[in-house]
Amino acid sequence: VLSFIIFICYIASLADSFMTAPLLEFVLALFLFFVYATKLNEKFKGLYWPLTDFLRCVTAAIIYFAISIAAVSKYSDGASKAAGVFGFIATIVYAIDFYITFNDLVTFLKQGSSDSPEGHKSE
């Protein structure tokens, strides 16, 4: 929802060249929501879905931070400033999601290392 609001703000502003990043993040978030809602992630075991979400969060936080700084400092219209402020909020939200997903990845990797083939050989 936040990405869609930022997208609308960039459309209404002079910084309309920045509108592609929120649009792509919105589409990727919808795609991952659809995958998790329909449980397609359980059917496609070859792709580790939390890692996909982790990479999306990292790139989104970096991109939103960069375009928010550019929108706030370079453009003086209200819509650009609003998009920049919402972009900073999105940066914080994606950073929190990054932290939560990172903890899930660490838990998964620790679980995977205890489930290694060497442990099965000793049995």
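Quick reminder: no glycine exception, Cβ is built from N, Cα and C everywhere.
Residues or ranges marked as domain 'MARVEL' by TrEMBL: 1-106. The transmembrane segment annotation in TrEMBL covers 7-35, 47-70, 82-102.
As a summary of secondary structure, the domain 'MARVEL' (1-106) carries 91 helix, 0 strand, 15 coil according to DSSP. Residues of the same chain lying 6 or more positions beyond the ends of the transmembrane segment (7-35) and with a Cβ under 8 Å from any Cβ of it are 41, 49, 52-53, 56, 60, 63-64, 67, 70-71, 74-75, 77-80, 82-83, 86-87, 90. Note on the domain 'MARVEL' (1-106): its mean pLDDT in the predicted model is 89.
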